[in-house]
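Enquirer: Handing you a structure now.
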């Protein structure tokens, strides 16, 4: 049975054929004024086989969202996938895949050096009790350990 074409790019991805961890271009959009938005699928866990626990995912979201901007001014957003297997990295007017991998590598290395999860308090976070620095660092370490495989999506 053929799956119908969906509006959401990731719904058209055959999740049974990917090999996490990986980083792939999920979408490109060109604006009316020439701006280009590129969305990357940054997959940490194998779909339908493993997932990140919420406190670790939540903490890694905070850490990367804050730290990645030290390495790249063109970052628009770093947001978690609802399936808890990865994140989306959205950038503006920057379409250099190799550089994105380098920025992600530097960011994850900085996550390993972090002493606290940024903005993990009730004033700055909607679920402040749901954080673990150690869990986030374990995710970053595991992702970095497979750095040589990030370009191997498997599709």
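From the backbone N, Cα and C atoms, a Cβ is placed for every residue, glycine too.
Residues annotated as Fe cation binding site in Swiss-Prot, with sequence analysis given as evidence: 58, 62, 125.
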Enquirer: Which secondary structure state does DSSP assign to residue 58 (Fe cation binding site), in the simple three-class scheme?
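Expert: Once the DSSP labels are grouped into three classes, residue 58 (Fe cation binding site) ends up as helix.
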Enquirer: List the residues in the vicinity of the Fe cation site, defined as same-chain residues other than 58, 62, 125 with C-beta within 8 angstroms of the site's C-beta centre.
Expert: 59, 61, 117, 119, 120, 127, 128, 130, 131
Enquirer: For residue 125 (Fe cation binding site), write down the residues of its own chain that are at least 6 apart in sequence and whose Cβ falls under 8 Å from its Cβ; none is a fine answer.
Expert: 62, 119, 131
Enquirer: Would you mind listing, in sequence order, the residues at least six apart from residue 58 (Fe cation binding site) in the same chain with a Cβ closer than 8 Å to its Cβ?
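Expert: In sequence order, the residues whose Cβ lies under 8 Å from that of residue 58 (Fe cation binding site) (at least 6 apart) are 80, 127, 130, 131.
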Enquirer: Among all the protein chains here, how many other CB atoms are within 10 A of the CB of residue 62 (Fe cation binding site)?
Expert: 21
